[in-house]
Amino acid sequence: MERISKFNLVHRFEKRALLIAINCVAALSIFFFGYDQGVMGGVNTARSYVDIMSFGHWNDVTKSVIIDKPTLQGGIVAVYYLPGTLLGAFLGGYIGDKFGRINTIAVAAAWAIVGACLQCSAQDYTWMICARIFNGIGTGILNAITPVWATETAEHTSRGQFVAIEFTLNIFGVVVAYWIEYGTSFYGDGTSDFIWRFPIAFQIAPLLFLLGIVFLMPESPRWLVKVGREEEARYILGRLRGESGDEAEKSEAEFQDIRNICELERKTAKQQNYFHMFFGIGSGKLHTGRRVQLVVWLQIMQEWIGIAGITVYGPRIFAIAGIAPQDQLWVTGLNDITYMLSTLVCVFTLDRIGRRWTLYWGSVGMGICTFLVGGLSRIGQNAAIGSSTKTGSGVAATFFVFLFTAIFGATWLTVPWLYPAEIFPLEIRAKGNAWGVVGWSIGNGWLGLLCPVMFAAINEKTLYIFGICNAITIPMVWALYPETNQRTLEEMNLVFASDSIWNWEAEKNFAILKEQNPQLVQAARDRSVVDAENPKRGGSLALAGSSGAERRHGTIDTIELNEL
């Protein structure tokens with residue numbers, strides 16, 4: 001207990017107030033992530049930036065920037081993801097599991113501050129590439145650990161809601177970046193470095209605030225149990241869940257769940273490094289290899305369902321609709337605002353309809369939109385200039401661009417970030433979430449390089465590829481991805497105990513566990529996931545102990561998952 005600072009907010013706030021404080025800080029981290037993603041959109045078209053980075057020039061006739069080296073332009077953006085955030089994810093997972101969630105967030109914030117300073121002071125493309133990689137590593141560390149910290153402190157009934165709110169702030173970061181760049185674009189005669197250096201430098205402000213406030217926040221009680229600091233963990237968990245009456249009993253049961261499952265994982269999983277995780281070596285019935293594959297491909301598909309392509313193709317669609325170039329700027333900004341507001345839908349639906357149904361309706365809606373945007377764009381391009389057909393199809397395509405981004409914000413934006421933080425065992429949860437960031441980095445980097453090539457080669461038909469990818473995700477999620485909604489983090493080890501990769505087998509196995517051990521059903525709500533008074537019945541999982549008193553004093557015998 002003496003290791004918790006007297007300034008820590010855990011002493012001042014409790015229950016929902018403390019959870020809100022934690023999620024505000026997590027949201028600040030996610031806000032930076034969104035801002036850093038969005039800022040390069042405007043920077044890439046700044047006259048001074050294009051000249052300094054030597055990938056284009058200013059055309060006095062057309063009064064616009066002409067890109068001479070698109071590969072260099074795209075490469076500067078892509079290195080942020082590959083190798084930047086990819087390396088940062090691996091680093092963040094390692095630091096997060098070894099040194100704690102709070103320390104890792106602080107390291108990432110300090111790292112990203114240095115990266116932002118390097119970017120806004122860049123003098124050539126070599127400098128900028130190095131700065132982008134460095135900054136990407138900082139972002140990767142944050143992305144690997146922030147969702148883990150948020151999910152480990154939240155209650156299982158409201159995890160989705162809190163993370164969805166955080167990702168509203170993520171898109172708010174994109175919106176802020178866009179409108180700051182829109183404002184600076186009017187500065188002077190358009191040739192000043194300020195137009196692109198200030199937007200990059202602006203991200204330092206929230207990072208400094210994050211670095212200053214994160215040490216006032218409580219550590220994850222689950223990580224504290226993992227490293228043997230159980231007194232601190234029990235105190236923080238009590239402040240999070242309540243310390244009187246039924247609330248105290250529930251927090252005690254949850255604490256015992258965490259202790260027991262942590263002990264079980266240590267006996268079951270023999271190897272904890274990234275290599276063994278990827279191939280599932282030594283993980284026994286925990287099946288970490290399967291979980292890694294699920295989160296990596298979920299994040300890759302998040303990009304391939306079309307959000308990057310729609311964003312890239314959007315200005316061309318607006319032009320088909322007859323929107324003047326100067327007006328396309330505010331139309332794009334309005335689309336970003338629509339995107340941000342749509343994320344609030346997830347706040348109210350994610351914990352009600354679950355992760356799987358959220359992905360289902362998102363894939364159906366976005367798939368329809370991508371096919372319609374592609375078809376309407378082709379009609380508009382084939383129509384005569386100035387004809388009503390061209391304008392009408394362009395306006396319709398613009399509507400479906402807005403609708404696509406709204407559906408994405410309400411569905412696929414949040415779930416691929418929440419799912420990895422929910423399904424991994426405590427012993428390797430930060431490393432597991434890191435694999436999700438790796439998938440996101442691969443998807444972003446891969447698509448960032450291919451998008452310009454595909455649009456140049458097949459134009460609007462690229463959108464049909466995204467539509468097909470949306471269709472693919474429906475059977476993929478149905479067959480392979482178990483539901484995590486309304487289940488405790490500790491229950492997920494039981495969900496993945498089945499040797500089969502198929503979701504229906506996993507659910508059937510989990511149902512058997514619940515039927516043979518009725519206490520498991522109550523455990524997620526009122527009692528321990530593994531009941532101490534029922535060592536083993538019908539060949540299912542249990543942790544033995546003669547009484548609740550003995551369990552509280554740490555006398556626990558473990559039956560391994562591979563005995564199921």
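Placement of Cβ uses the backbone N, Cα and C atoms for every residue, glycine included.
Taken from TrEMBL, the feature domain 'Major facilitator superfamily (MFS) profile' covers 22-485. Averaged over the domain 'Major facilitator superfamily (MFS) profile' (22-485), the predicted model reaches a pLDDT of 90.
Sequence-distant neighbours of the transmembrane segment (16-35) (same chain, 6+ residues past either end, Cβ-Cβ under 8 Å): 9-10, 105, 108-109, 112, 139, 142-143, 146-147, 149-150, 153-155, 162, 165-174, 176-177, 202-203, 206-207, 209-210, 213-214, 217-218, 239-240. Marked as transmembrane segment by TrEMBL: 16-35 (among others).
The transmembrane segment annotation in TrEMBL covers 78-95 (among others).
Taken from TrEMBL, the feature transmembrane segment covers 102-119 (among others).
According to TrEMBL, the transmembrane segment annotation covers 125-150 (among others). Outside the transmembrane segment (125-150) by six or more residues, the chain places 22-23, 26, 29-30, 32-33, 36, 53-55, 72, 75-77, 79-81, 83-93, 95-96, 101-102, 104-105, 107-109, 111-116, 118-119, 159, 162-163, 166, 220, 417-418, 420-421, 429-430, 433-434, 437, 440-441 with a CB less than 8 A from a CB of the stretch.
If you look up TrEMBL, you'll see 162-180 (among others) marked as transmembrane segment.
Annotated transmembrane segment per TrEMBL: 200-217 (among others), in sequence order.
According to TrEMBL, the feature transmembrane segment maps to 330-350 (among others).
Per TrEMBL, the feature transmembrane segment maps to 357-376 (among others).
Remote same-chain residues near the transmembrane segment (396-420) are listed as 143, 147, 151, 159-160, 163-164, 167, 170-171, 294-295, 298-299, 301-302, 305-307, 310-311, 313-314, 317-318, 320-321, 323, 331, 335, 338-343, 345-346, 349-350, 355, 358-359, 361-363, 365-366, 369-370, 372-373, 376-377, 380, 432-433, 435-436, 439-440, 481, 484 (criterion: CB distance under 8 Å, separation of at least six residues from the stretch ends). Taken from TrEMBL, the feature transmembrane segment covers 396-420 (among others).
According to TrEMBL, the feature transmembrane segment maps to 432-457 (among others). If you look at the transmembrane segment (432-457), the same-chain residues 6 or more away from its ends with a CB under 8 A from one of its CBs are 70, 74-75, 77-78, 81-82, 84-86, 88-90, 92-94, 96, 140, 143-145, 147-148, 274, 277-278, 288, 291-292, 295-304, 308-309, 312-313, 416-417, 419-421, 423-425, 465.
The annotation transmembrane segment is assigned in TrEMBL to 463-481 (among others).
Between the transmembrane segment (162-180) and the stretches 78-95, 102-119, 330-350, 357-376, Cβ pairs under 8 Å are most numerous for 330-350. Per-stretch counts of Cβ pairs under 8 Å to the transmembrane segment (78-95) identify 102-119 as the leading one among 102-119, 200-217, 357-376. Taking Cβ pairs closer than 8 Å, the transmembrane segment (330-350) reaches residues 38, 160-161, 163-165, 167-168, 170-172, 174-175, 178-179, 182, 314-315, 318, 323, 358, 398, 401-402, 405-411, 413-415, 418, 485 in its own chain, all 6 or more past its ends.
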